[in-house]
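Written out below as structure tokens is the structure these notes cover.
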Amino acid sequence: MHLRLRNPSLWKTINWDVFRAPEARYCPAGVYEVVDEATAPALQINAQNCVHCKTCDIKDPTQNIDWTVPEGGGGPNYPAGM
């Protein structure tokens, strides 16, 4: 998987407890989703939605999201003339 948390416990203590999951708001593709929010919040990473913009790698307050180039090479393949 090209997206992973370097330290999963850091997500709970900082990203959730302090900021209430900012990655769920700044990701334009809805990759990051909080599940079981009421009882035991956990971060679900829907990597298949990723548009390879690297926003999460840049904006994460703890730099805990590790974004690597996915298998197959590069980033987005936009059609000519965009």
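In case you wondered, yes, glycine gets a Cβ from its N, Cα and C as well.
Heads up, TrEMBL stuff is auto-annotated, nobody curated it.
The annotation domain 'ETF-QO/FixX C-terminal' is assigned in TrEMBL to 1-78. Mean model confidence of the domain 'ETF-QO/FixX C-terminal' (1-78) amounts to 91 (pLDDT, 0 to 100 scale).
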Task: Please work out the helix, strand and coil residue numbers for the domain 'ETF-QO/FixX C-terminal' (1-78) from the DSSP assignment.
output: 21 helix, 14 strand, 43 coil
